[in-house]
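Let me begin by presenting the structure, written as structure tokens, before commenting on it.
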Amino acid sequence: MLRLRWGLRVVSCGLSAPGSAACGGPWRRLRSVLTMAEDLRAAVASPAKRLNSSSEVVERLEENGHQNKRLKRDADEEDAEDQSKKSPKRKIVLLMAYSGKGYHGMQRNVGSSQFKTIEDDLVFALVQSGCIPENHGEDMKKMSFQRCARTDKGVSAAGQIVSLKVRLIDDILEKINNHLPSHIRILGLKRVTGGFNSKNKCDARTYSYMLPTFAFAHKDHDVQEEVYRLDKETLAKVNKLLACYKGTHNFHNFTSQKGPRDPSAKRYIMEMYCGEPFVRENMEFAVIRVKGQSFMMHQIRKMIGLVIAIVKGYAAESIIERSWGEEKVDVPKAPGLGLVLERVHFEKYNRRFGNDGLHEPLEWTEEEEKIAVFKEQYIYPTIINTEREEKSMANWLNTLSIHDFNSSAVGMQANNKNSKNSSDLEGSDGCGDDSD
């Protein structure tokens, strides 16, 4: 009844002014109630307002942070773009020298950190020096990277060539070398044509093989130790045998997984000879040089291994001719220690582009002194010290007696298995078209 009477009294005021006598009392009470309700609603809403206000502040800070990050990223990209404009990408070749001991070859295995390679260190230096962006190191095709020869485990190089696209930054060689270990050096750089590929454009490769001369000591009547010295008669015999390899022959017995009728087993050898012996740390050494159009996996080591077997009296000279036939011949593989990629040749490229006024011939006459110094400091000492410590050649020579040089395929698998442990410790030449 009270609520009804209150309502009727309010309604009975009609459109009378709030200050009129007819409804003065009820209107004032209503206004007071409404004011209290408004104050209560405002009090309840204040924490929410404060909360909303705080949320807005956080959102604004986050938005400003994202904007700052975007601005920084845009600035970095602009700086990189400016740097790229200042240092445009160009196709070049790098002349490399390295000691291969402790590395599992030249070629990089992206995604595998178990076996360290020369290219792992090279790519790291290229990225750190600013020559290439980091993603090019992860995908080497992006910089059109190509090595001339893939040297295998333990094999060194004095004249390796790689082709790639880089930013031609100032003092580029110095900056790259600053991020390389001392036993890997970039000795030279030249600009090349845009479509240049160091592997496909290579006409020939020259390797050297440094070995202790007691490897040529006859098994029956010569001293088999470090005191042995190579005489002129034996050296002449070695060179006579090495010269037999010159020309085009079927080298299917000097590699693996190639049959006698495989056309790719035919290889062209331009020269092969052994130089005069020299003494280092009371041990006599000699260096064999071989230049060929290309080489298959293990080919050079087997060529040398067979000559050693003949000179020491384990095999007849006729085995060389027989090895080029279709029958399977047991050819021993000399240790990888001592094998060095000396230089690569680009005669056809030089004739076409070397004097066009835009490009230089790929010859390294000015770098010859630096190459010689590097070999004396890093390559030769490594070969000598490793031979002394590990006796790789001496241990391998002890396996020659288990080879059957008169047999064909019979019993060869057992012989190869027995000699594998000693001959594979240092890796292989692993260069040429078939090993990439």
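Each residue, glycine too, has its Cβ placed from N, Cα and C.
Unlike curated records, TrEMBL annotations are generated automatically.
What TrEMBL says about this protein:
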type: ACT_SITE; residues: Asp152; note: active site, nucleophile
type: BINDING; residues: Tyr207; note: substrate binding site
type: COMPBIAS; residues: 57-66; note: compositional bias 'Basic and acidic residues'
type: DOMAIN; residues: 245-347; note: domain 'Pseudouridine synthase I TruA alpha/beta'
type: REGION; residues: 53-87; note: region 'Disordered'
type: REGION; residues: 413-436; note: region 'Disordered'
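Secondary structure of the domain 'Pseudouridine synthase I TruA alpha/beta' (245-347), assigned with DSSP and counted as helix (H, G, I), strand (E, B) and coil, comes to 25 helix, 33 strand, 45 coil. Each residue contributes its Cα atom, and for the residue listed as 'substrate binding site' and Asp152 (active site, nucleophile) those atoms are 13 Å apart.
The average pLDDT the prediction assigns to the domain 'Pseudouridine synthase I TruA alpha/beta' (245-347) is 95.
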